[in-house]
Amino acid sequence: MKYAFERKSPWVFELPRKGPMQVPLRLYTTEGMLKQLEEDQSIDQLMNVASLPGIYRYALGMPDMHQGFGFPIGAVAAFDIDSGIISPGGVGFDINCGVRLLRTGLSRQAIEDRLDELGKRLFALVPSGVGSTGHRVFSKAEMKGLLSEGAPWIISAGFGVPSDQSAMESQGHLAAADAELVSEKAIERGRDELGTLGAGNHFLEVDYIETIYDAEYAAAFGLREHDIVVWIHTGSRGLGHQVATDFINLFKKKMDQYKIPLYNHELAALPFKTSEGRQYFAAMSAAANYAWVNRQIITHQVRTAFEQVYPDLMAGQSIDLIYDVAHNIAKEEVHDGKKLLVHRKGGTRAFPAGHPELEGPFAQYGQPVLLPGDMKRGSYILVGTGASMDETFGSTAHGAGRRLSRNEAVRRYQFEDISADMAQHHIRLFAADKKVAREEAPDAYKNVDEVVGPIVHAGIARPVARSRPLLVIKG
DNA sequence: ATGTTC
């Protein structure tokens, strides 16, 4: 073992602070997955995060952790609001990359005969792939509106129903957003990309509920065995990427001035309470609003596809949003009675019942935690717990997490083999780009069952249900 | 992740 981790429990491993580290690292994982982490730079990256000013308690790694830009993916770090930093690399390039889950109320058996047609309609109505553009271009004035207001803006424009908004983290908008701090270049990149999936790990999936782990919570979230659900995973596209690029460049220039140590050239950070820190937070919030609008337009397109393909079944039937989570974001939250800036980079909020930020049924049950796996082995729906508030700043993992780099996956897997293997499992794959599909080969990811293990055993989320794919649309 | 090397 290259690092001197102490085993706090079978699922929690701690690396004591040393050198410039202000706090220890704490990893929620297994012995086996911890060993794999030594093959990339993610532990060193998390040690750098633990060395940043104002970090509170520990730097957290989730079981899906792997190497990212400056800051690992599958990591959570909270900083004192007054003395701590904010880091664009701690949010990620795809600001408010996130996941939403829809329930259709239709059974697997009912939709099976027209699945191919559904796949084709979804593939046509939801543009995917690098550089994909949407069905309409938004004006600059419209961009300012949606960047400021988020999901409510696009729902008012007719894409969705008011009840959608109450099933979104932060109700689909961050009030700190300031559209004036999003560069012209970022706005220009974003005007024609709304309603598009993008590439990489982004996807649209039609799944069926395979297993219910908790009948009461499944019923509360409207999940029934064999029912069809739709997963949407995408973010803020080129706009968010441009905001991240703009502010990483600005931050790098200013670090010396604010005397923030640069442990790695990718890990730019500035005090939150500086004009630059606040500016990034306001621009990040606007990009987060854009991502919620993006997922909302895609939701509208999914509803349209189901209505077109199944007009008979959809008569009197609505497709409802179960929940929408952000997994690349920084938010002001209160933990241990302290105001903190929580960075979740590939981390899902997992607030429990009774949390003051939750409303409606979620106040009673806790928020749904949406944890997608790879495109063959399916995904989990969990629920937030009190232990996540006590231990992980109300957070858990965000997905299976990569096991292999994109390049390594392309070297190992051929498109035809992936497609044939998925067909064997009765999964139809619609891929905009064969190379991207090879990067996303199921075996390039950790086994989602193995990733969920430490979460469930440590109690930082509770399992509610598991779904398996039938149709996969990939960028 | 990304108008996939501004």
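From the backbone N, Cα and C atoms, a Cβ is placed for every residue, glycine too.
According to DSSP, A:His398 (active site, GMP-histidine intermediate) is assigned to coil rather than to any helix or strand. Residues annotated as active site, GMP-histidine intermediate in TrEMBL: A:His398.
Annotated Mn(2+) 1 binding site per TrEMBL: A:Asp94, A:His202, in sequence order. The DSSP secondary structure for A:Asp94 (Mn(2+) 1 binding site) is coil. Long-range neighbours of A:Asp94 (Mn(2+) 1 binding site) (same chain, six or more residues apart, CB within less than 8 Å of its CB): A:Gly235, A:Ser236, A:Arg237, A:Gly240, A:His241, A:Asn328.
As annotated by TrEMBL, GMP binding site applies to A:201-205, A:327-328, A:372-375, A:Ser379, A:398-401, A:Lys474. If you draw a 10 Å sphere around the CB of A:Asp374 (GMP binding site), it holds 25 other CB atoms from the protein chains shown.
Look at TrEMBL and you will find A:His233, A:His327 tagged as Mn(2+) 2 binding site. A:His233 (Mn(2+) 2 binding site) falls within a strand segment according to DSSP. Its own atom aside, the Cβ of A:His233 (Mn(2+) 2 binding site) has 25 Cβ atoms within 10 angstroms in the protein chains shown.
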Would you identify the secondary structure of A:Asn328 (GMP binding site) according to DSSP, in three states? strand
Under a criterion of Cβ-Cβ distance under 8 Å and sequence separation of at least 6, what residues of the same chain contact A:His398 (active site, GMP-histidine intermediate)? A:Met62, A:Asp64, A:Gly74, A:Val99, A:His327, A:Arg344, A:Gly346, A:Gly347, A:Thr348, A:Leu371
Cβ neighbours within 10 Å, counted over all protein chains: which one of the binding-site residues A:Asn201, A:Asn328 has the most? A:Asn328
Taking Cα atoms as reference points, which of the binding-site residues A:His233, A:Asp374, A:Gly401 is nearest to A:His202 (Mn(2+) 1 binding site)? A:His233
State the Cα to Cα distance, in Å, between A:Asn201 (GMP binding site) and A:His233 (Mn(2+) 2 binding site), rounded to an integer. 8
List nothing but the one residue from A:His202, A:His327 whose Cβ has the fewest other Cβ atoms within 10 Å; the candidates are the binding-site residues. A:His202
